[in-house]
Amino acid sequence: MSLLSLLFVCWSLTDYCLVGALCGILLQPSTPLQLIIFYEDRNFQGRSYECMSDCSDMSSYLSRCNSCRVENGCFMVYDRPNYMGNQYFLRRGEYSDYMSFGMSDSIRSCRLIPQHRGSYRIRIYERENFQGPNHELMDDCDNIMDRYSLSDCQSCNVIDGHWLMYEQPHYRGRMVYLRPGEYRSMRDIGYSGMRLSSARRIMDSC
């Protein structure tokens, strides 16, 4: 084979590989965007607002918010602006009335829960400011007080993953969404006096 022919073959193979790699990238399935649609009125009526991120005040987009539809992903919704007040966990589905999932007032703010793949770790402390007996959780726990003999849980450090904490055992009662970070007191997130009694991981299957 002549040198010219050899160079042509090498160029063709290189070109083919580059095209193949590019096609592979273009054809690779993409992760669906997390999306929630809010509506002013019940039963998905009235003006709407599509949201794919955190929203600290729904009044910037709608005069009120009485129903919503989660197209993909998981979200926390709150009955007060700036992620305060009672909060509720919503996964993919339709919510024709804010009362359908226990909310007593219209939705005022929402927070997107990022998808997480990997380990889950949270360290809980009996008292505020990471004081007192403490334990590390890597799985769901339906009764913190019984399993770890704690009298309370007033601060925590979320090391990996996203968690829901509940005020009653067996994942009942009011809930609190905790993403990675340090929480020196439940007062910092508007839950003064709330006792955290059970914990559940927010899995990527939602």
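Positions of Cβ are set from backbone N, Cα and C atoms, glycine also.
Feature annotations, reproduced from TrEMBL:
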| type | residues | note |
| --- | --- | --- |
| DOMAIN | 34-72 | domain 'Beta/gamma crystallin 'Greek key'' |
| DOMAIN | 73-114 | domain 'Beta/gamma crystallin 'Greek key'' |
| DOMAIN | 161-203 | domain 'Beta/gamma crystallin 'Greek key'' |
| SIGNAL | 1-21 | signal peptide |
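Below 8 angstroms of C-beta separation, residues 81-83, 90-98, 106-112, 115 of the same chain, each at least six residues beyond the ends of the domain 'Beta/gamma crystallin 'Greek key'' (34-72), sit close to that stretch.
If one looks beyond the domain 'Beta/gamma crystallin 'Greek key'' (73-114) by at least 6 residues along the same chain, the residues whose Cβ comes under 8 Å of a Cβ in the stretch are 32-36, 38, 42-44, 51-59, 64-67, 162, 164, 174-177, 179, 189-190, 202, 206. Counting residues per DSSP class in helix, strand and coil order gives 4 helix, 20 strand, 19 coil for the domain 'Beta/gamma crystallin 'Greek key'' (161-203). Looking only at the domain 'Beta/gamma crystallin 'Greek key'' (161-203), the predicted model's pLDDT averages out at 89. Sorting the domain 'Beta/gamma crystallin 'Greek key'' (34-72) by DSSP state (H, G, I as helix; E, B as strand; all else coil) yields 6 helix, 21 strand, 12 coil.
When DSSP labels each residue, the domain 'Beta/gamma crystallin 'Greek key'' (73-114) comes out as 4 helix, 22 strand, 16 coil, counted as helix, strand and coil in that order.
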